[in-house]
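Inspection log for the structure reproduced underneath, given as structure tokens.
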Amino acid sequence: MTYPQQRLLTVDILNFKCYQHHKSFGPFDHVTTFIGMNGCGKSIMIEAIAFVFGEDLPDPKNPHNEHLFYDYNIRCVVSLKFEMPDGSTKRFTRIGLKTTYTYMIFNKYVTEEEYLLELGKMNFRFAGQNISVYNKTTLKVTRKSAEELGAFFDIVSNSIEFKPEYDELKAKLNFAESTVLRWAKMIDSIELEKEKFITLTLYKLYLCDKEIQETKEKFVAEQLKVNAKNAKMPLRISRYSEAIPKQTPSPNFKNNAIVVRPKTHNHYDNLITVDKLNSYLNEKVTERRELLQFAVNHPNMNIRFSEEGPNIYAREIDYTELPEYYKKESDDIIATSYKRSMLEKEIKKIRQCWLDENNIKDDANIDNINMRIKEATTKHTLALNIESEARLNWEKLRVMRSARFNNFMAPLQTSLSRIYAEIAQDEDSLAFLRPLDEEEPYLAIDAFVKERHSEHISTRTFHGGSRMIVDLALIFAIHEWKPSPLVVIDDIDRNLYHEASKKIEPYLSRQKQTQFIVTTKEDSYFTEVTKTITLEN
């Protein structure tokens, strides 16, 4: 019989889990089957082999290694003895202590790096899962989600070597993208603020114009009242006025109006006459209408309100000596003028309320907003450059990682289709893998099967023996990609019916360059072409 280049001869176990004292298994044949019911130690023996190949077998309830020891022992020892192509033997031993491990090759202590390096020279790669297969993990490889299957193949293909740098560059890219998005939103926010500012300014001008128009109508009504009162005054008021000495007018007499205003004992200085108020209101209405049109045409210009009117030169007339009848008429005129003064103050108050309610400061203008937009645009452009550089670096690494992953997937696809058809003994049967993302295939992989006269079906919908055959076909395809001298399969008959086991057995016997160790509960499975070892409870 042809044997692999390296062949496992014996397994020696001391105080490992359920095995007390020293326990030896072997020698092993090309295909060796362990038969026994649940609880006889089949799976523990498989775990012992995996322990030698470097698996930690962690227990989430016990952070130390006590879960590896039998009862109250303080250490466990597992040793594998191999026969080399030249006929010599090599022994690998791993010793588990309470918080650490020690390693031996032959009878010499070595470091963990030297130990794993020597195993690697014999093509034992536990990270690739091509040595040991467990009934709770790897044997159910196709039952994983698409993301879990992608992560599993990422480990097997060793494209996971790029993952730390990939994740770092991806984080930088995501941060750069979020920065670009943040500044873009900031620009949009300032642009919206600009539109609101312009709209609010125009609306303020509209309200101001409307309020002035209403106030003007009130003033006109007041003027009519004053004119009516003045019409009743006798002509001798005019004669009395002529008897009072005239004051010298301003040097700019021709350019200024002379207004006669009363001088009473209360000394109301600087009273606004009806003519001046009318003129002032008309100027304000005209000014605001022009400002409204100018703001529409030039929304980025500052808005300024002028409160100054034309200079008025007046002469004072003393009405204190007039009779009471005339004094009453004069007091009515003064009271009306006072009302106008209060109305003007009300206009100023309304204008200030508009400014306060809309939170518009006097120095707020379009130029300030445009400056903020310019600053935000500059930072947005800088963020775009950083994002472009981060994307370029990430893209280079993504291409390298995808290339290594695809170099693994291409031969795996071919092997999977062939092995599945061989095990199923149906040339029309087809099993294949499909990445969910072609640019980043390592993120998610889904497995499909196409039987005769059927559509493509996801393997996650399979049950029983059909699913087990797909699992084994995929495991054998992974092993064929980079074969190791030994493959261990625990509970190979799980969910297999007798006819399916008869399909698996011939395939194992044809793999002359690989040694197989399998466990089963059924003594009628895998017995025709293999060496059997029965384990008792």
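Glycine residues also receive a Cβ, built from the backbone N, Cα and C atoms like all the rest.
Residues or ranges marked as ATP binding site in Swiss-Prot: Gly36, Met37, Asn38, Gly39, Cys40, Gly41, Lys42, Ser43.
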- Residues near Gly41 (ATP binding site) in space but at least six apart in sequence (CB under 8 A): Cys18, Tyr19, Leu535
- Item | binding-site residues listed as Gly36, Gly39, least Cβ neighbours within 10 Å | Gly39
- Note on the structure: Least surrounded, by Cβ count within 10 Å, of the binding-site residues Asn38, Ser43 is Asn38
- Message: By the count of other Cβ atoms within 10 Å, pick out the sparsest of the binding-site residues Met37, Cys40.
- Response: Met37
- Message: My understanding is the cutoff is Cβ-Cβ under 8 Å with a sequence separation of 6 or more in the same chain; which residues meet that for Lys42 (ATP binding site)?
- Response: Phe34, Gly36, Asp490, Asp491, Thr519, Leu535
